[in-house]
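S.K.: Quick one: structure below, then a few questions.
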Amino acid sequence: MFNYERPKHFIQPQNPCGSRLQPPGPEVSGFPSQTKQSSIVIQPRQCTEQRFSASSTVSSHITVSSSAYPAPQQLAGPNPGQKVTATYNQSPASFLSSILPSQPDYCNSKIPSTVDSNYQQSSVNQPVNAMSSQAANARPTPKTPDHEIQGSKEALIQDLERKLKCKDTLLHNGNQRLTYEEKMARRLLGPQNAAAVFQAQNSDVQDSPQHNPEQARLHVPTSQVRSRSSSRAEANDQDAIQEKFYPPRFIQVPENMSIEEGRFCRMDFKVSGLPAPDVSWYLNGRPVQSDELHKMIVSEKGFHSLIFEVVRASDAGPYACVARNRAGEATFTVQLDVLAKEHKRAPMFIFKPQSKKVFEGETVKLECQISAIPPPKLFWKRNNEMVQFNTDRISLYHDNAGRVTLLIKDVNKKDAGWYTVSAVNEAGVTTCNTRLDVTARPIQTLPAPKQLRVRPTFSKYLALNGRGLDVKQAFNPEGEFQRLAAQSGLYESEEL
């Protein structure tokens with residue numbers, strides 16, 4: 001538990017008449033003539049500003065001298081007393097550490113900006129012999145009042161709080177937090193250079209304080225504080241980034257190509273370099289110019305393309321791609337072969353198939369002749385349905401002259417309809433339609449003969465008188481009847 005009582009060795013025995021700080025001069029009190037002097041070093045960087053009350057600790061008879069800051073003047077009294085030449089660049093923590101052996105030395109506190117109002121400023125350059133003339137008028141120091149003792153307690157508490165705050169500035173990993181100046185130094189000089197600068201400053205600060213136990217005198221080294229503008233200028237000079245260059249390098253290149261004449265062609269590649277290289281194309285040593293048929297495209301991340309809208313025979317040859325920048329150049333070569341365009345002709349009917357009408361059971365042929373380069377593919381449809389070839393009844397024949405024959409055996413009524421023939425090749429398509437009608441075969445019948453009636457007497461007299469036939473022949477009815485029947489095609493009636 002913390003004890004707020006004032007340490008006994010911290011409170012010096014006082015004169016019953018009280019003590020007052022006097023202007024610089026020789027001591028008249030009964031203290032030893034030899035005065036102790038303490039040394040304090042002021043760091044260029046201060047972390048926190050603390051208030052300091054000079055009346056809390058000045059009662060100890062210590063003579064402190066400094067050449068960098070003015071000393072307090074004497075109080076408004078006729079009797080000059082003790083000689084106190086104080087330097088106010090000393091923090092409360094440093095002052096307590098000089099008195100209390102157990103207290104650590106703090107070097108990161110600021111110079112107290114104010115002192116007790118009972119003191120007045122005096123010139124530092126005041127001669128020492130002028131101070132000795134006031135030694136005879138020194139009065140005995142009065143007793144320190146209680147409010148001054150209470151102020152010293154508050155200073156001690158503030159010193160302990162400052163110690164706790166310094167511990168709080170450490171991070172969890174044990175690294176100390178960077179101040180604004182350290183951050184700026186790291187940004188301008190880099191982390192390694194900044195660390196080296198601060199280590200050099202810390203080593204100089206640790207070596208600079210010199211404490212003489214015999215004289216106990218304060219030596220304050222005057223260090224020139226570097227201004228922010230000059231530090232930035234030096235950092236900019238040291239941290240100047242030198243521009244770097246990298247020669248071109250092809251990461252991706254196209255392979256040799258063979259393209260048919262009239263087709264589209266594209267060559268893609270990727271190149272890197274710093275700064276970005278300029279790309280040029282050459283065909284047989286002559287630069288390739290961008291026009292309607294040749295285009296050069298540059299995309300992001302170093303991708304380039306050479307495009308041929310329509311490949312011509314004159315585009316064939318070795319292409320050299322050259323990439324240049326300040327650091328150098330790189331080259332690759334690709335071969336482009338252009339194949340001659342084949343002569344093509346769309347299919348054309350020399351003669352078309354004719355419509356036909358056949359009887360059931362007959363064999364029919366649908367013939368046509370087609371001319372095309374290259375030879376076309378043929379498709380036959382019946383009523384918009386594909387015709388199945390290579391069956392027992394239906395077959396397709398064609399020759400090199402372009403004659404095409406669709407043969408249908410044993411035609412039936414199912415084979416009737418509209419037939420469409422299509423010829424297709426790379427150059428085009430042609431079609432033609434024809435009609436096939438199938439009818440039933442008719443049945444042939446003979447008409448019935450007409451019957452005639454003939455009298456036999458007539459035939460007898462005719463035979464005797466007209467032709468002079470034999471009596472026997474004249475009276476032979478069967479022979480006459482057969483003759484008449486053969487001439488007229490008549491048959492003998494059953495009624496006779």
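Just so you know, glycine gets a Cβ as well, placed from its N, Cα and C.
Not my notes, these are from Swiss-Prot:
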MOD_RES   Arg20  omega-N-methylarginine
REGION    78-149  region 'Necessary for interaction with ACTN1'
COMPBIAS  202-213  compositional bias 'Polar residues'
COMPBIAS  221-233  compositional bias 'Polar residues'
DOMAIN    248-333  domain 'Ig-like C2-type 1'
DOMAIN    347-439  domain 'Ig-like C2-type 2'
S.K.: I'm checking region-level scores; what's the whole-number mean pLDDT for the domain 'Ig-like C2-type 1' (248-333)?
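M.R.: Here the predicted model's pLDDT, averaged over the domain 'Ig-like C2-type 1' (248-333), is 92.
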S.K.: According to DSSP, how is the domain 'Ig-like C2-type 1' (248-333) divided among helix, strand and coil residues?
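M.R.: Helix (H, G, I), strand (E, B), coil: 6 helix, 53 strand, 27 coil.
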S.K.: Tell me the residue counts in helix, strand and coil for the domain 'Ig-like C2-type 2' (347-439), as DSSP assigns them.
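M.R.: The counts are 3 helix, 59 strand, 31 coil.
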